[in-house]
Amino acid sequence: MQEASAAITAERKHSHVDICLNRPVCFDGQDTGLDSWRFEHNAAPEVDFAQIDLSTEFLGHAIGLPLMISSMTGGYGNALALNRALGEAAERFRIPLGVGSMRQALEGSSHRESFSVVRSSAPSVPIFANIGAPEVAAGLSRDQLSTLIDLIEANGLIVHLNPAQELFQPEGGTDFSGFLDRLHDITATIGVPVIAKEVGCGISATVARKLADAGVRAIDVAGAGGISWQKVEECRYLDRFGHEERFSPSALDEFLNWGIPTAECLTSIQTLKRQNPEYDALSVISSGGIRNGLDIAKSIALGANIAASAQHLLKALHSGTLEETIRTWANDLRAAMFLTGSATIEQLKHARIYRKP
């Protein structure tokens, strides 16, 4: 029975990657909000472009640049090669990597190597295990979580929050009751940092406060503007049933594009941290529609410690341009730092940035 469930999960994961690569599932009429922000130009930067330092620290780990390869895949046959390539890129650029949901690894053993290959290909960078909020709410045990962490020798655990995706998923789990209490139990006992991550609808300051109070060390805002996982699941639903009968036609479009833009998430959490010093140690990851190194730079100036990307890097991997893309993004970031007079990532955090009129 468990192996049958694992097979269903594996098929779903394969379908997710295929849809993200080949169908129009990004937000429509809602962007990240980052284009609404502009850096103040520094005509006298007093910085040597060649000496700009992109390295930084994340959750106690030194990394090469403030970019994370975000949670994408694992748990089915083809994922092994994908995760090996992602791990090799993470190692080469010394950047963190999060694996996709590891639920399948708890349900069966058939594709566990598609996860463990990440550590063998990226032995020295931070790697993060991943499980969903519905599994946490359902009472996933500490031993089960430890199994996932040990499988990839993870430096931390991502708990992904995806209520909108689960709502649209044909076989979705929509019971989130008791989640925060169970999350608190996990953060208190698991022994590694926990990151709370949305999957594309964003995290408000109000929810960020609750998550921090539950013990998470970092928030990945994953705001609106990139992939809409509602649209991904809607594709799967229509492929299976042919027509949509769950939602009113007049409401469907808003639900498919539901979420808080990435920039809005960042600024609201930045305000929370400034007004409440007890949350100052909370790390913030900017994701959800990150397209280039300028988006990374703006994210850092708006309060993020690092940025993360999934779909853009997955597409680059499939086109054979992953390393070229990361290298280009790094140069974008360096250019933004040069033009704002920021020699280090710490200085970039204080660069002058304003909303366009």
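Positions of Cβ are set from backbone N, Cα and C atoms, glycine also.
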For the FMN site that Swiss-Prot assigns to SER70, SER71, MET72, THR73, SER101, ASN130, GLY289, ILE290, ARG291, ALA310, GLN311, which of the candidates LYS197, LYS231 is also assigned?
LYS197
Can you tell me the CA-to-CA distance separating ALA310 (FMN binding site) and GLU166 (Mg(2+) binding site), as a whole number of Å?
19
Look at each of the binding-site residues, ARG12, LYS13, ARG103, LYS197, and point out the one with the fewest other Cβ atoms around it within 10 Å.
ARG12
Let me know how many other Cβ atoms fall within 10 Å of the Cβ of GLU166 (Mg(2+) binding site).
21
Highest CB neighbour count within 10 A among the binding-site residues MET102, ALA310?
MET102
Look up LYS197 (FMN binding site) in the DSSP assignment and report helix, strand or coil.
strand
Given a separation of at least six residues and a C-beta threshold under 8 Å, show me what packs close to ILE290 (FMN binding site) in the same chain.
THR32, GLY226, THR262, ILE296, SER299, ALA307, ALA308, SER309, HIS312
Tell me the Cβ neighbour count for SER70 (FMN binding site), meaning other Cβ atoms within 10 Å of its Cβ, over all protein chains shown.
31
